[in-house]
Amino acid sequence: MALASFTARFKQFVTPDALRSYLAEFISTFFYVFVVVGSAMASRKLMSDLATGPSSLVLVAIANTFALSSSVYIASNVSGGHVNPAVTFGLAVGGHISVSTALFYWVSQMLASVMACLLLKVATVSQDVPIYTIASEMTGFGASMVEGVLTFGLVYAVYAGGDTRSGPLRSIGPLVIGLMAGSMVLAAGPFSGGSMNPALAFGSAVVAGRFKNQAVYWVGPLIGAAVAGLLYDNVVFPGHVSGRVNSDGTTG
């Protein structure tokens, strides 16, 4: 009986629509990570003496804005365009996506990030894949708090951008989300790296083989995402029930 119940539930998550949603998350996350990490590598290649200077920070922030806006847009009608395990977690906490679907999304996002960083590593040959690090004067706790605040702002923008009550303004949701991410990178890039995305930090760490302070990019973002989801739905704009992702991965 239990086995039959498990099999029936599992089949809900391997339907054609569900598989399409996982693939959509993989594709959008792949290109997002490819652009963000690639922009950091390009900056280091062109300005090796200013790899951590203002020009590099602005370049990565602009790349983050464009890449995230585009990635959210191309996947929004299929998977919701999460592109980020923290966003998926925040939406799961808010009841907009089931826990089981969230786990499948996580697998797609993490695998996409590793594949994107691996491709960059192989294609550029002589360059190392940069990893997210915290400033020498910061503690892991402080950096985690910063990442949590950044991710709170990002996930709050995701909730607002996907709110059907926004009317015509909902069409610019992906742009707003991208602009929020880019501004956050400008604000905190020199301190915590401005990742806001566990998959982004994880993929580069796996390929580089360095996992120092990796917990910073999980604990802070996941907590910040959960708080943003709960606050938006239950305090600031209670009663929001639309824009959910069904158990089979479809939106509606």
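Glycine is treated like the rest: Cβ placed from N, Cα and C.
Predicted automatically and left uncurated, TrEMBL annotations should be read as such.
According to TrEMBL, the protein carries these features:
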- 22-43: transmembrane segment (TRANSMEM)
- 55-75: transmembrane segment (TRANSMEM)
- 87-107: transmembrane segment (TRANSMEM)
- 141-160: transmembrane segment (TRANSMEM)
- 172-195: transmembrane segment (TRANSMEM)
- 215-232: transmembrane segment (TRANSMEM)
For the transmembrane segment (87-107), out of 22-43, 55-75, 141-160, 215-232, most C-beta pairs under 8 A are with 215-232
Residues outside the transmembrane segment (215-232) whose C-beta sits under 8 Å from one of its C-beta atoms, at least 6 past its ends, are 85-87, 89-91, 93-94, 96, 132, 134, 140, 143-156, 159-160, 192-193, 195-198, 200-202, 240
Beyond a gap of at least 6 residues from its ends, the CB atoms lying under 8 Å from the transmembrane segment (141-160) belong to 82, 84, 86-87, 90-91, 94, 134-135, 166, 173, 176-177, 180-181, 184, 187-188, 191-192, 194-196, 213, 215-217, 219-225, 227-229, 231-233, 240
